[in-house]
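Listed in Swiss-Prot:
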COMPBIAS  387-405  compositional bias 'Low complexity'
REGION    92-206  region 'Disordered'
REGION    387-406  region 'Disordered'
REPEAT    470-510  repeat 'WD 1'
REPEAT    512-552  repeat 'WD 2'
REPEAT    558-603  repeat 'WD 3'
ZN_FING   263-307  zinc finger
Amino acid sequence: MAQEEMEVDLLNLLNPMYSNRDVSTSHQPRGSGQVLFLPPPLTYSDDSEDLFLGPTEPHDVIVLDSVEEAPGQVAAPTNALQMLHSALEQLRQAAEQRSSVRPTRVQRRSTRRHQRGGSQRTAGTSSRAALSNFFQINRTQGVAPTSEREERNAALRTESSRTSPGDSSDETVELSEEEEGGGGSSTDVDEVDINAGAAPPAEPAPEELQINVIEVQAEAPESLPVPESVTLPLQIQKKQKTPVKQLSPVKHLPPEEDEGDTCAICFEPWTNAGQHRLSALRCGHLFGFTCIERWLKGGAAKCPQCNKKAKRADIVVLYARTLKALDTSEQERMKSSLEMEQSMRRKAELESAQCRLQVQVLTDECGKLRKQIQELKMLIAQHGTSTSMQASSSRSTISGSLSSSQGQHKYSFEKAILISQTGSCRVMSYCESMSCLVVSQPSPQTTLIPGCGIKKLSAANLKSSQYVPIHSKQIRGLAFSNRSDGLLLSAALDNTIKLTSLMTNTVVQTYNTGRPVWSCCWCSDNSNYVYAGLINGSVLVYDLRDTSNCVQELVPLGSRCPVVSLSYVPRAASEVFPCGGVLVGTLEGACFWEMKDDQYRPHVLPLEPGGCTDIQIESNTRHCLVTYRPGKNHNYVRGVMMELTSNRLNDSEDEYSCSCYPVQTFNAGNTCKLLTKNAIFQSPERDGTILVCAGDEASNSAMLWHSGNGTLLQKLQADQPVLDICPMEVNQSSMLATLTEKMIKIYKWE
């Protein structure tokens, strides 16, 4: 059984005395004796086994005379201390008696008496009285006898000794006071339930005893106040040890889950709403909004984690329910491996293309050698020469063929023709059916015939014939069809494309494009269609049978840069690239528009972004030449020969995915201020070799390269930058024309 403590509130015992003393002294005249009221004795009832406070008796009042306090200063405090000791002894005995009895309920009764002319005061009102005033005792008054109280206390001890320690009966202790007056009274009863557990005999549980003064009622008579009874309720409280409550263990998240959900300042989880919502600084570190706001206001204008400078305006609230870092290391590793594989694949494709080109050249040489061998055998059979003569002639023939195949021929200067004294020549084109070379130029007589036109040159005698006016502004493109009617397609900055007949030197058809035209070309598969490349990147498709508007517009997929070149790739029975369509070159890249059943499907070619100035096509071998101006990665003009390829989509026989890859690179000077046009064509030797010719502004020349090994074969000098290059066949002779702003130079292959 838990031990119980008993506490005696001495101050509450003395408060009623102070209160009565104050009441009495306030009504007596000056110089009279002081009256001291002592608490009534505690009595025990044998019938009800309750404790009662004894009635107020006359001997409990001690009158203190201030006049005689000098002679009795020694004896008076002694009597008062004896009375106080007697009262405390009674309380101790009552507590010992009640320790053997296990009360379960204590009834407290507070009685209020209403007397005529009286006033009610609580015990707390006189607690401020000095303790020294209590011990002013008058020697004339005797001490109240205590014989009756001692007898009652002895009876209480005898009764408590008869009570068994193991008795489990419940007892009720009632503390009451008797009423002396005849006035009405009201009684309030408060019941307090006390649970008492059985205690072992060896360890009795002490009880805590508190004596509180409930009420003091005083009646003030005319001469001397007569105090009412002082009620001292006895409250017995039992203290039991409360069992320790088992707290639920705190759940801790694993470090990998906890670290991503807590604020780095307060180490509390952030929320998706409220003041502690998820926020971030400009450096990217995450905190609770209130924490980082207080951190920055406190003078530390830096990130708590990386110490970068920060301010309150840098706080960004993130709207996220959960925040988890996605592990992309495997994805990045796969990307790097994919890029490595793609680079190796491009390198392998480049080597494969070079090998195929070399195989083609060697195959052609082998065919020629076999043909020569057959001719030699026929000659030997006809003339019947000896074996030695056959061997010597065979060796001489083979050595001659090898010397010719090694490229001993070259272009030699033939003639220079002045086109315009004022310059501004831009492009040229050759009509093979009429052996006519046309060059764009401004009008030689601007006052009579303003605008721009073309000058016709005869390739047979290399003489200029006449000027034909066509456009009102500068001409940017010229193209002939594969028909023999001599129709010239021209594009100019006056928002028109025109068809001009070289037979009559007149314009036969005009189409208004609405925007400046930078390039044009014919459709090789169907000569009724022509294409016009505009300044906004679009390509307009015109049908010569429809003289009003365009039949279709090819809108660019990417940027709207001007179309600097247009070339048509005809269909061919080739496994490498059987598709036909128009190749569109802009300042940002290239796109191949595949034509099938009068419908066009775009294929973006993988070229280097930016810096593209021209794209030319060699339709027989499906190669194209892309010219790049100097940039950040390269400080010189580059010409890259690309091979067009196609792959079937989803095992379909009609759908292809078109692309290209580089085969050879040619480097020129470090200056490129003009949009020049270059040329890629087959060698005049007819051995399958491809030659590349491009202008070099730094040296004012045209450079000729061998595409197989990338070697520079020849450098054709000019007095100005070369703007356009045109190879042509005249009377079974191969010739090359280079155009500057004022003149044309003709070179012949010898």
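Using the three backbone atoms N, Cα and C, a Cβ is placed for every residue, glycine included.
Long-range contacts of the repeat 'WD 2' (512-552) within the same chain: residues 476-483, 489-497, 499, 559-571, 580, 582, 584, 586, 593, 595, 600, 619, each at least 6 residues beyond the stretch ends and with a Cβ under 8 Å from a Cβ of the stretch. Helix, strand and coil content of the repeat 'WD 2' (512-552), in residues and according to DSSP, is 0 helix, 19 strand, 22 coil. Across the zinc finger (263-307), DSSP classifies residues as 9 helix, 10 strand, 26 coil. Residue counts for the repeat 'WD 3' (558-603) under DSSP, split into helix (H, G, I), strand (E, B) and coil, are 0 helix, 25 strand, 21 coil.
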